[in-house]
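As structure tokens, the structure follows; a few thoughts come after it.
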Amino acid sequence: MNALAATNRNFQLAARILGLDSKLHKSLLIPFREIKVECTVPRDDGSFVSYIGFRIQHDNARGPMKGGIRYHPEVDPDEVNALAQLMTWKTAVANLPYGGAKGGIGCNPRELTVSELQRVTRVFTQKIHDLIGIHRDVPAPDMGTNSQTMAWILDEYSKFHGYSPAVVTGKPIELGGSLGREAATGLGVVFATEFLLDEYGMSIANMKFAIQGFGNVGSWAASFIHQKGGKVVAVSDITGAVKNPNGIDIPALLKHKEKASSLKDFEGGDAMDLNDVLVHECDVLIPCALGGVLNKENAADVKAKFIIEAANHPTDPEADEILSRKGVTILPDIYANSGGVTVSYFEWVQNIQGFMWEEEKVNYELKRYMKRAFNDIKAMCHTHNCNLRMGAFALGVNKVARATVLRGWEA
């Protein structure tokens with residue numbers, strides 16, 4: 001099942017739990033606006049190349065739309081639609097005054113030079129500058145983009161609208177980026193894990209963790225788990241996989257990866273098959289990479305008691321059912337990985353105020369926001385007698401539906 005079908009399915013189930021009016025139900029599913037633009041730029045060799053850029057703005061009932069911009073050769077409109085919709089529910093669950101959006105350019109950033117990437121980014125910004133904005137739609141980095149991309153968008157946008165640091169988040173610190181933003185998603189995942197384990201009278205210390213994906217989110221999550229006394233027994237990324245039943249030395253693994261650009265040949269553990277990390281012997285499994293990694297083929301073999309969805313949509317609906325029958329507790333992506341967008345919100349707030357926070361305050365507020373969201377999900381689960389995924393979706397959909405009705409959508 002693709003990402004859009006799965007997201008729609010979760011929305012339909014939440015709408016049924018809430019007893020949503022059918023007209024409102026349909027209105028909430030349809031994106032507010034879909035933008036498609038042509039971006040033609042000169043290559044460094046003088047030839048010209050054209051790419052398609054797009055932005056899907058899903059909903060703005062609760063505030064400006066928020067979501068990443070990705071540069072990837074196979075940008076699938078369905079997936080982007082699903083991710084824009086997911087951002088609408090995610091920001092509502094996290095109690096942030098935003099709606100959802102997503103976008104990108106169908107290019108391969110690895111095949112472009114830095115100056116070519118800059119030209120593509122600036123042309124894309126020129127085409128959409130009047131449809132994004134501080135109180136309209138606030139982009140952020142995603143797959144294939146980074147803080148430098150945001151700096152170019154900020155500069156190009158500012159040529160039309162004056163200096164506007166709050167138009168994008170995930171910027172370099174020197175241009176108004178927030179301290180703590182880089183670690184935010186990983187730290188949020190760890191806070192979410194702590195809150196969940198606490199419900200079962202457990203803590204991170206001495207629990208065994210398997211982490212699939214060792215990019216930004218996975219490496220930060222592994223570091224914080226290691227600091228808190230948790231045992232990371234298996235780690236994988238696209239370059240390789242490592243296991244150690246006594247716990248991997250995460251700082252040593254990070255140093256090795258920085259030096260070798262790969263997890264291969266790490267001396268502090270044994271190599272293993274990439275796909276075996278998901279079914280490795282552990283207490284907590286944290287998928288931090290791609291969507292759809294847990295499916296009907298491997299779900300029955302998962303040994304973890306808890307799954308924390310740090311990636312977007314890592315569990316297929318079929319896997320969801322198999323895992324719930326096995327008694328596995330799944331903390332859903334729309335809550336578990338919301339640390340990134342929460343600190344993006346803090347960055348936006350700091351830019352609007354022109355007053356920057358210390359990292360300590362950023363992390364303190366992140367923990368407070370995630371704790372409140374966890375309690376809200378728990379209350380929803382209690383009210384509707386449902387699992388954490390449905391509790392989170394029902395919470396998000398309910399907030400957006402309520403805001404839509406209060407704003408007078410039928411008038």
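Quick reminder: no glycine exception, Cβ is built from N, Cα and C everywhere.
Record features, source TrEMBL:
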type	residues	note
BINDING	Lys66, Lys90, Ser344	substrate binding site
ACT_SITE	Lys102	active site, proton donor
SITE	Asp142	site 'Important for catalysis'
BINDING	Thr185, Asn216	NAD(+) binding site
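Projection of TrEMBL feature records onto the structure.
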| residue | record | Cβ neighbours (10 Å) |
| --- | --- | --- |
| Lys66 | substrate binding site | 28 |
| Lys90 | substrate binding site | 28 |
| Lys102 | active site, proton donor | 29 |
| Asp142 | site 'Important for catalysis' | 22 |
| Thr185 | NAD(+) binding site | 24 |
| Asn216 | NAD(+) binding site | 17 |
| Ser344 | substrate binding site | 29 |
To the nearest whole angstrom, state the Cα distance for the pair Ser344 (substrate binding site) and Asn216 (NAD(+) binding site). 15
Around the substrate site formed by Lys66, Lys90, Ser344, which additional residues qualify by having Cβ within 8 Å of the site's Cβ center? Gly67, Met87, Thr91, Ala94, Leu96, Tyr98, Gly100, Ala140, Ser338, Gly340, Val341, Thr342, Tyr345
How long is the line from the C-alpha of Lys102 (active site, proton donor) to the C-alpha of Thr185 (NAD(+) binding site), rounded to the nearest angstrom? 18
The rounded CA-CA distance in Å from Asp142 (site 'Important for catalysis') to Asn216 (NAD(+) binding site) is 11
Please report the Cα separation of Thr185 (NAD(+) binding site) and Lys90 (substrate binding site) in Å, rounded to an integer. 13
Measuring Cα to Cα, how far is Lys90 (substrate binding site) from Asn216 (NAD(+) binding site) in Å? 20
